[in-house]
């Protein structure tokens, strides 16, 4: 029975592998990967960390972590997905005790896509509002404004700017805390439906439709960023902002937190552990080179940094306050500080429309990549059953989008900003750190750098150089482990501004975190339950000890048994 099951699974994989769609052109995969890796985090989190770390003092550690952590790990994940030609559930379970890492990647991507699309909803709301003259956040003469509203930022805690009040009182109609749920924001609810329709239209045909969409959504943001940069550098005070961005405070480099933040930004930005790029590279043709994306991703962060700090320098000049006092974390940086800057620029409506349309493009690329993780994993695991039930893949994608839409509805209620912040804190900060650590250990140590090097040689004809092999074997696991340790030591409960979530809400947050990371220990328990023997005996029968055959030139369609290591007691030579 065991032998029959093994050949049945291999045969099914062969059939699916032969019919698996691929990107029409190499450029489509590259653009899709850039769109997935380059997201809203490049626009708001990177500048915020620069502020908190002393401006230019953050750039040196950032570039170091890019070289030692970002480029090697992204190259590793893309190469594995391309070689296995499976989503994270099937590409990662061959590492025995870490068989739950693939499921955890799918879970965290699905959780994130439910609330990440709310950011796209906000971008659409601001985009539609930007066609008004004057801009609705340009002055305090509106029905939603309070007596404490001011047109210019000050250091006083008793006043709020017009852009802050538009975000809080007009768009969100924010309640006083998570205890007060409020009612559904009908406008945001309808725009959320529109956002999911846009996501569905981008991915309903799989890589065939995604490959066409990314020609625009991946390229257009760079056009806007360059246009904004050309405009911003001509504004008074722009040089002060750029100087703050590039000149380091050298004493800050002695702070361990600055280096940990730099590694965490690289790590969160490239998306190691989310499974999105792994799933997208699984549709790649076998001989593609996967090294370009991580370099362009970091270039985008630095380009966005120049755009952002030049505009903030202009705001500092107008308002007479230091550049460092303008920083706002998270959504506030995009939806409060930037709109305030645009309100004081010539042709304010034009720049606002272009900026929020750019945010829409950035968000869509990352969003449909996360949805694609679940769709790819479901089809890898239950292809025949799902097609028999849904008849067409398009209906399966529609069902996934509907499920994610329903789970995102709490984020468009008046309490929505608190729900969003809670989910983001315990998913994008807590869960992903644990998940990425175990993924790196599973691939770099259990699967092994030798086997990964063999895979790359089979695909490209060249083995990775000693730099990549040392990063995979030693540097990356140590850096990720350090980030995990410091994340635990420096962990702070979720908060939104000055509001600290109550204990019961923190408990809900930990349940959200467990919804993804719980699959890692469950996978290990399942391995011990299914495979007999002690820990060492289980390791001996693990696929990480199995040989990998190389027959690409002999077979036009390589057998799944050649590409995906199966359980064996033979040592790997």
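Numbering starts at 1 and runs along the chain as it is shown here.
Note: Cβ is positioned from N, Cα and C throughout, glycine not excepted.
Looking at 325-347, 509-531, the range tied to transmembrane segment in TrEMBL is 509-531.
Spacing of residue 38 (Na(+) binding site) relative to residue 140 (disulfide bond) is 35 Å (Cα to Cα, whole number). Below 8 A, the CB atoms of the transmembrane segment (258-279) and the transmembrane segment (213-230) form no more than two pairs separated by six or more positions in the chain, fewer than 3 in all. When each of the listed stretches 95-128, 213-230, 291-315 is scored by C-beta pairs under 8 angstroms to the transmembrane segment (509-531), 95-128 comes out highest.
One way to see the shell of the Na(+) site is to take the Cβ centroid of 35, 37, 38, 42, 269, 297, 362, 365, 366; the remaining same-chain residues with a Cβ within 8 Å of it are 34, 36, 39, 40, 41, 300.
Take the Cα of residue 140 (disulfide bond) and measure to each of the binding-site residues 35, 269, 362, 366: the nearest one is 362.
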